[in-house]
Structures are given as C-alpha cells and as structure tokens.
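K.L.:
Feature table excerpt (TrEMBL):
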TRANSMEM  12-30  transmembrane segment
TRANSMEM  42-69  transmembrane segment
TRANSMEM  81-104  transmembrane segment
TRANSMEM  128-154  transmembrane segment
TRANSMEM  175-194  transmembrane segment
TRANSMEM  214-236  transmembrane segment
TRANSMEM  345-368  transmembrane segment
TRANSMEM  375-394  transmembrane segment
TRANSMEM  400-421  transmembrane segment
TRANSMEM  442-464  transmembrane segment
Amino acid sequence: MKEKAVFDKKKFVVIIVCILLYVAIVMFPTPDGLTVEGKKSLALMAVAVISWIFEVIPIGLSASLFVMIMPTLGIVSMEEAMSNFMIATVLFIMSTFIIAHVFVETGLGKRVSLFISTLFGKKSSRVLLSYMLSTSLISGVLLSIPAAIIFAGVATTLLKKNNCTPGKSNFGKQMMIGIPVAAAIGGIGTPAGSGLNVLAISLLESTAGVTINFFQWTMVGFPMAIILTLIAWFIIMKMIPSEIDIVQGLDDVKEEAKKLGKLTTAEKKFLVIFSIELILWLTQPWNGINTAVVAIIATSLFFIPGVDLCTWEKANKSINWELLLLVGGSNSLAMAISSTQGSQWLANAILGGLVDSPILVVLFAVTAFGVFSHLLIPVSSAVIVVAVPMVALLAQNIGINPALLVLPIAFTASDVFLMPLDPIPLTTYHYGHWKMWDMMKPGFIISMAWIILCVGFVLIAQALGIV
C-alpha cells in the first residue's frame with residue numbers, strides 16, 4: 001500500500017507568497033530607468049531566491065522552471081534563455097565532481113589524508129592545524145565538499161580513540177568546525193575549488209566582458225586561502241580551547257598509512273592525468289585552451305581503455321546534477337536581468353551612493369555586502385547571481401576594472417559561517433560535535449578577518465597588474 005503524501009502547509013504558503021509577490025511587483029508602476037522586462041526579471045529573481053531558501057520545489061527543478069517560463073512571462077526569448085543556461089561552466093563543474101570522485105575511488109584521497117594527519121606532531125593545536133591546512137589545500141583543487149568529507153572521516157576515528165563525546169568534547173568541536181571552515185576557505189584557492197568560483201567568472205565575462213583566467217584567480221586566491229586558513233585555525237583554537245593536550249592514536253594513523261604501501265597503478269595514473277590538467281589550467285593565459293575544455297578532456301581520459309579509472313555508472317552517482325541545473329538556471333536568470341537593464345537599475349538603487357567614494361571605501365562596502373548578504377540570502381549561488389551583475393556595473397560607472405569588485409563577491413560567497421546552512425558545514429554537522437551557534441561565534445571573527453584580507457589582496461593584485 002502506497003504511503004499517503006503529507007500536505008506541507010508551509011511550502012504551500014511560500015508558493016502562494018511567491019506568486020503574489022511576483023504579481024505585486026509587476027503591477028507596481030515601473031520606476032524611472034527600469035524597463036518593464038527588467039522589472040519582471042527582478043520580480044522573478046526575488047521569487048527564485050525565496051523558493052531556493054525554502055526549497056518549495058527541488059532546487060534543480062525550480063532553477064530549470066524559472067528558465068523555461070521567462071519567455072512566457074515576456075522577459076527574454078527562449079533562444080536567449082537556453083543559450084545562457086547551457087554554458088561551459090556547467091561542464092567544468094561536472095568534470096570537477098568526477099575528478100574528486102576518482103581521487104577518492106583510487107584510494108589516493110585516503111592515502112593523502114592519513115599522511116598529512118600526522119605532519120605537525122601530537123599536540124591538539126597542531127593536529128587541528130594539520131587537518132585544517134590539509135583540508136584547505138585539497139579543497140582548492142578538488143572541490144570543498146569531498147575534501148571535508150575525506151578529512152572528517154579520518155578525524156572521526158581519531159576522536160573516538162580519544163574518547164571525545166559528541167557535544168561535550170571541545171577538541172571534537174574544534175576538529176568538526178575547523179574542517180568545513182578550512183574546506184570553504186580553501187575552495188577559493190583556485191577556480192576548481194568551488195562551483196561558485198566558475199559561476200562568478202562566467203557572470204563577469206557575460207555581463208561585463210571581462211575575463212579572469214585560472215592563473216589570475218589562483219595568484220590571488222591561493223595565498224589568501226592559506227593565510228586565512230591559518231587565521232581561522234588560530235581563532236578556533238583560542239575560542240574553543242581543547243580539553244586534550246596530547247592526541248592519542250596518531251601512531252595508529254601512521255601505521256595505517258604505512259600499510260597502504262607504495263602508490264598503486266591507479267593512483268599513479270590519476271596523478272599523471274591530474275598533474276597535466278593542473279599545468280594546462282595554470283598556463284591557460286599562454287596555451288589559450290579554455291579551462292572547461294581541459295577539464296572535459298582530462299575527465300574523459302579516466303574512462304578510456306588502458307586507463308579505466310572510472311565507469312559512467314559510478315561517475316553519474318558522484319555528480320550533483322541539482323547543482324549543475326542551479327548554476328545553469330542562475331546564469332540564465334542573471335543574464336536576463338542584465339540584458340533587460342534590471343541589474344543596472346538595481347546597482348544604481350542600492351550601490352549608487354558609492355560612485356563618488358574612494359576605491360578603498362567601495363571595496364570594503366562591497367566585500368562586507370558579500371559577507372553579510374548571507375544572513376538574508378543563505379544560498380551562496382543566489383548571492384553570486386544577485387551581486388555580480390550589480391557590482392560589475394558599479395565598477396563600470398566608477399571607471400575601474402569590474403574584476404576588482406567581482407572578486408570580493410566571488411571570494412566571500414564561500415563565507416558560509418554566519419548562517420551555516422550550506423552543504424559544506426553540514427558535512428560534519430551530523431556527527432553531533434557542534435551546534436549552529438558554535439560555528440557562528442568564531443565564524444563572525446573569521447568573517448571580519450576575511451573582509452580585511454580580501455580587500456588587501458585585491459588591492460595588491462591591482463598594484464601588481466594581476467587584475
């Protein structure tokens with residue numbers, strides 16, 4: 001007998017509110033400087049953000065829905081909506097999911113995590129540092145979520161050996177907060193670290209015609225991620241003092257790492273392919289090959305006879321198709337807002353007062369906006385979609401390179417500590433070692449440091465001619 005579906009009153013109310021909100025905005029007199037199509041696109045964006053926050057319809061499906069109804073609502077044509085939906089960014093992110101899967105599947109993920117876990121000694125503060133720094137480095141090139149999952153798994157075994165009771169042990173709290181924090185921070189290291197990075201790069205190119213290549217991003221993002229990880233480690237260590245001085249069980253970890261023996265053939269194959277891929281990404285300004293093309297070619301090599309590192313059945317399960325649909329839908333919606341002058345009107349309305357301000361003030365304001373917007377829009381991709389076209393236009397109005405203002409938005413989109421509802425912090429939440437407030441307290445201090453560091457690095461990048 002089939003289970004009777006439960007009527008969700010909350011979601012039904014949200015759907016009604018979304019419909020009424022769209023109608024109300026469309027019926028409202030069109031402000032000066034805003035087209036009717038622009039008003040409709042902004043109304044649809046407001047509805048999209050609300051629906052994504054409350055997940056009234058599965059996010060991937062709703063993102064596709066908003067793309068498909070834009071022509072019906074008279075916002076843009078079907079051709080324009082679909083051309084901005086299926087972009088190279090989607091294929092790049094798909095490839096990174098498969099790369100991360102093969103990294104784990106070959107056993108290399110476990111080998112690396114076991115080896116790095118004991119690098120800095122047995123003191124609890126140094127163990128925390130080894131896990132956070134390792135997670136940050138790995139997430140910079142292999143996506144944040146797989147990196148957090150790998151190191152959380154190894155950390156769980158270590159915590160059990162030290163009798164760290166979930167909810168009572170500060171060392172457990174340190175580790176299980178530090179790992180996702182480091183994963184989120186490390187994700188800004190290169191474009192491959194997060195789908196948010198490539199979404200921001202794509203929107204910058206489509207809305208402002210400015211390109212940031214893999215090398216440029218990494219020159220700014222990688223050193224900033226390392227320094228910020230060290231700052232986050234210090235903050236977490238001080239704000240959540242460990243009850244353990246010397247960590248037990250690290251000798252067992254070393255022994256387990258030794259038992260793995262030499263690199264397997266599969267691990268060597270992965271390292272060769274991934275090394276070539278990384279070199280091509282970093283030399284993109286000189287070789288001229290699109291990063292998505294490199295990613296697809298490298299990923300395809302995993303499947304060819306003689307390499308055989310993956311099957312499509314396994315790869316298919318590793319891909320977050322919902323995220324791919326969300327990225328495509330977000331890009332299409334953002335481009336619709338831009339092409340109908342909606343983003344220009346919104347930029348003038350919200351950020352217009354910054355046009356005559358010094359560049360330092362503008363950078364701090366935009367970066368702070370990127371951080372604190374998560375309190376209103378706890379969906380990072382929605383923050384990117386709303387903010388990138390706005391700040392790109394603000395930069396053009398000021399007369400500076402749009403990349404200078406888009407980069408702070410892109411970097412801080414990964415700052416998910418003030419409202420830890422993102423999938424990255426949730427990778428360790430279910431272990432029971434921390435509550436939301438436990439992450440928000442150090443998260444606020446880390447966010448303040450992130451703002452200052454981000455502004456500093458963007459100014460240095462400008463001075464050095466990187467952007």
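Even glycines carry a Cβ here, placed using N, Cα and C.
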K.L.:
So if I exclude everything within five residues of the ends of the transmembrane segment (81-104), which remaining residues of that chain have a CB under 8 angstroms from its CBs? That is, six or more out.
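P.N.:
Beyond its ends, the transmembrane segment (81-104) has Cβ neighbours at 67-68, 70-71, 110, 142-143, 146, 150, 191-192, 195, 198-199, 201-202, 206, 270, 274, 277, 290-293, 295-296, 298-299, 302, 309-310, 314-315, 318-320, 323-324, 327-329, 331-332, 335-336.
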K.L.:
Is it the case that the transmembrane segment (375-394) and the transmembrane segment (42-69) touch, counting contact as three or more CB pairs under 8 Å in which the residues of each pair are 6 or more positions apart?
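P.N.:
Yes, the stretches contact each other.
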K.L.:
Below 8 angstroms Cβ to Cβ, which residues of this chain, lying six or more residues outside the transmembrane segment (345-368), approach it?
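P.N.:
Tertiary neighbours of the transmembrane segment (345-368) are 31, 33-34, 38, 42, 337, 389-391, 393-394, 397-398, 400, 404-405, 408-409, 412, 451, 454-455, 458-459.
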K.L.:
Does the transmembrane segment (442-464) make contact with the transmembrane segment (214-236) through 3 or more Cβ pairs under 8 Å, each pair 6 or more apart in sequence?
P.N.:
yes
K.L.:
What else in the chain is close to the transmembrane segment (214-236), if you only count residues 6 or more beyond its ends and a Cβ gap under 8 Å?
P.N.:
128-129, 132-133, 136-137, 140, 174, 177-178, 181-182, 185-193, 197, 201, 281-285, 291, 407, 411, 442, 445-446, 449-450, 453-454, 457-458, 461, 466-467
K.L.:
Other than its close neighbours in sequence, what residues sit by the transmembrane segment (12-30), given a CB gap under 8 Å and a spacing of at least six beyond its ends?
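P.N.:
Apart from its flanks, the transmembrane segment (12-30) reaches 36, 39-40, 42-44, 46-47, 50-51, 54, 56.
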